[in-house]
Amino acid sequence: MRYLSKDILEEVITQRPSDSYKSNFGRVVLIGGNRQYGGAIIMSTEACINSGAGLTTVITDVKNHGPLHARCPEAMVVGFEETVLLTNVVEQADVILIGPGLGLDATAQQILKMVLAQHQKQQWLIIDGSAITLFSQGNFSLTYPEKVVFTPHQMEWQRLSHLPIEQQTLANNQRQQAKLGSTIVLKSHRTTIFHAGEPFQNTGGNPGMATGGTGDTLAGIIAGFLAQFKPTIETIAGAVYLHSLIGDDLAKTDYVVLPTKISQALPTYMKKYAQPHTAPDSELLEQKRSR
């Protein structure tokens, strides 16, 4: 087991090359937010943008377009019903996050089916929230499981892995991860990341973070990190640790840690831990273009 510390942030977060432009930091598509749960996708979007994604597009119910533009004017918005545009946007993404506030209705099932069918080898796909439940209940499969990240809490992991919570031991979780072939960010008071190698365990987090939207915010940070930094398990771990580090610092003064406060603090914390890059600017940008 590898225990996360601030070292992971210095390993992952790098200063931006001087000749950067927005496309160098990834195209992210976030999908979710039905009429009832629009706040979930808005919080994911805010976290994704504040964690540094270059271009962010949100596919959501039309009822959420106004609130999302008001809260996150940096994001572009597409409606669930805009099938052709939706398909084109997903095709062009570097990272896709589906699930926050998506719901479990026929529209949600149809969108998940489309995203799974369109998933390309070069794309990272993050499956969160109700999309995990839909995936668990449906006859779905993964074309490139090694490029998929599931972000379940323990009950969602029970549905996905068929392991009752009391049987979710380290060994059992590792076996189920191997069967899926994807990365599992298993959220709990000590979130653990299961992948093909040695698991990571988070050392941060606090009871003040036990509030709605915390997981949506984490999913958005993971998406933003994968879009702009090296697409590795360490990058996912860095997102997990930074989320809890900010939460722990806020908990020193706040009884409840609002997820939106975590998002607002992201640029400041990332600036603090960003390390100089060793390759020339032109080489770094070329690596990003060819990913």
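Yeah, the Cβs are placed from backbone N, Cα and C, and that goes for glycine too.
According to Swiss-Prot, the feature domain 'YjeF C-terminal' maps to 5-273.
Annotation comment: Swiss-Prot describes ALA40, GLY103, HIS153, ASP216 as (6S)-NADPHX binding site. Shown in sequence order, LEU186, LYS187, SER188, GLY215 are the residues of the chain, 6+ apart in sequence, with a C-beta less than 8 angstroms from the C-beta of HIS153 ((6S)-NADPHX binding site).
Under the heading AMP binding site, Swiss-Prot lists GLY215, citing sequence analysis as support.
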Could you give the mean pLDDT over the domain 'YjeF C-terminal' (5-273), rounded to a whole number?
97
Where does HIS153 ((6S)-NADPHX binding site) sit in DSSP terms: helix, strand, or coil?
strand
